[in-house]
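Engineer: Quick one: structure below, then a few questions.
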Protein chains: 2
Amino acid sequence: MLTTENTSIGFIGTGVMGKSMAGHLLNAGYPVYVYTRTKEKAKELLDKGAVWAATTKEIAEKANVIITIVGYPSDVEEVYLGEEGLVTNGRENTYLIDMTTSTPSLAERIHQEARKKGMFAFDAPVSGGDIGAKEARLAIMVGGDEEIFNQIEPILKIMGTNIILQGKAGAGQHTKMCNQIAIASNMIGVTEAVVYAEKAGLDPEKVLETITTGAAGSWSLSNLAPRVINGDFEPGFMIKHFIKDMSIALEEAERMGLELPGLSLAKSLYKQLADEGLSDRGTQALYKYWNQ
Amino acid sequence: MLTTENTSIGFIGTGVMGKSMAGHLLNAGYPVYVYTRTKEKAKELLDKGAVWAATTKEIAEKANVIITIVGYPSDVEEVYLGEEGLVTNGRENTYLIDMTTSTPSLAERIHQEARKKGMFAFDAPVSGGDIGAKEARLAIMVGGDEEIFNQIEPILKIMGTNIILQGKAGAGQHTKMCNQIAIASNMIGVTEAVVYAEKAGLDPEKVLETITTGAAGSWSLSNLAPRVINGDFEPGFMIKHFIKDMSIALEEAERMGLELPGLSLAKSLYKQLADEGLSDRGTQALYKYWNQ
């Protein structure tokens, strides 16, 4: 069992979400090594008792449970399989948990390479955003070896509430893709409904009062449509990250010989907005496709 | 005030939903005239105390509140503006309430023609389906004169729970279009998520356990995706009716100079299924676009 006595956690990727997640692990009593490029960036966590590591190699040498949540699949590949990487420099019996939203095929590759070195790799992307991370209420979609999963589960429970082993390596990422696929087309429907309401001269807030309660109801309709109506395009989830996720899903679908017209449409609409400089806006800014 | 003493209700369109709705009005103590082409079709309601009318003209002559819920806009036009129609043959101070999902512009026309004759017309389409009608829990989206609305509201409350005056004539229909627009693209997302999950070798039920709870969550994901997974394509709402609604919304959007790529895509996918003979299946049969 991985206890606070026999476990040192390494944490790579202390962005908005990672910072909260590493904080929860510290609060639970685990020693946490944090890798950041410059020490100042880790200050908040170091003040809480984390130990700074100057390289990912150092993390690989010091920690036996390593959690990563970085930006793009290329970052994941570098962090795990690069020269300074966690698998490249890792020790036997280390648990590797990648919580980045990344490609299922890369997750499979990392799992294979890790196994060769006697390490246990999991893909475990999350949903729930900044707030879910802060409140330790993330949904965590896990892919990896069933017989090892129960070892890491208690650690995941420190960061989330809805934690499900979805299958073997890559299954966590595939599940996250299902999540993003469902969101993508729904964002079009939600935005088109608001745009139509305004164009028809309706009061969109009154329209939402009716339609959120029935068969058109969705998280996005209840949470993002009101922001659209109020002209609030601040990012809960940034367009550039959504495009990354949709691109991964479309590549995987293509690899499986699967055509996804709704997802393709969503990506093309968002791509257009990104080309117009809206990459850093929230996904609800799809509204600007109609109203620049 | 429209009381059970001074009010005779006429009801036209006793399909699955209409039958329940007229039944509630009878139970509330109102005299109800029912028009059906053949008397046998109204048997259930006649047994409950309704009075049969052989023509819509007869309804127009006998009732001072007339509720219609028929099939297509062409039926609505015939029932209201045809030779035997309610406006054509109606008396002053009659309240006309069309609960069919129909075109906003026809609703406006009926309202104008009715006003010329001193009648009060409302468009009041519903959502909630068979079950909502049965349990008197329909959402009712009303368009019409604000100063008259409070007169018909008590009668609508006998059939529904979420009743909102959305604006002047046509606004009820426009609101229903917003509802259908939001549903249309979401159905693509929900179905693509299930199709992707299966193709990726995931357990789609487990995937739903994770993704229904977060930002991908929706009524359709919770209620229709499980039916898809279980191979249940029985209609809650039939594809042919959904195509009718999407066609109305697209025509109205075009009239307003509004492009709705998500809705256009949804209609084209459903149209393909209809061409393959699936018109009478439930909307969740969109799944069959991928898996015939």
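Cβ atoms here come from the backbone N, Cα and C positions, even for glycine.
Taken from TrEMBL, the feature domain '6-phosphogluconate dehydrogenase NADP-binding' applies to B:8-165. If you look up TrEMBL, you'll see B:170-289 marked as domain '3-hydroxyisobutyrate dehydrogenase-like NAD-binding'. Sequence annotations record features per position, and here TrEMBL assigns active site to B:Lys176.
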Engineer: Limited to the domain '3-hydroxyisobutyrate dehydrogenase-like NAD-binding' (B:170-289), I'd like the whole-number average of pLDDT.
Structural biologist: 97
Engineer: Which numbers of helix, strand and coil residues does DSSP report for the domain '3-hydroxyisobutyrate dehydrogenase-like NAD-binding' (B:170-289)?
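Structural biologist: Secondary-structure breakdown of the domain '3-hydroxyisobutyrate dehydrogenase-like NAD-binding' (B:170-289): 86 helix, 3 strand, 31 coil.
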Engineer: If you draw a 10 Å sphere on the Cβ of B:Lys176 (active site), how many other Cβ atoms land inside?
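Structural biologist: Step by step: centre on the Cβ of B:Lys176 (active site), count other Cβ atoms within 10 Å, giving 31.
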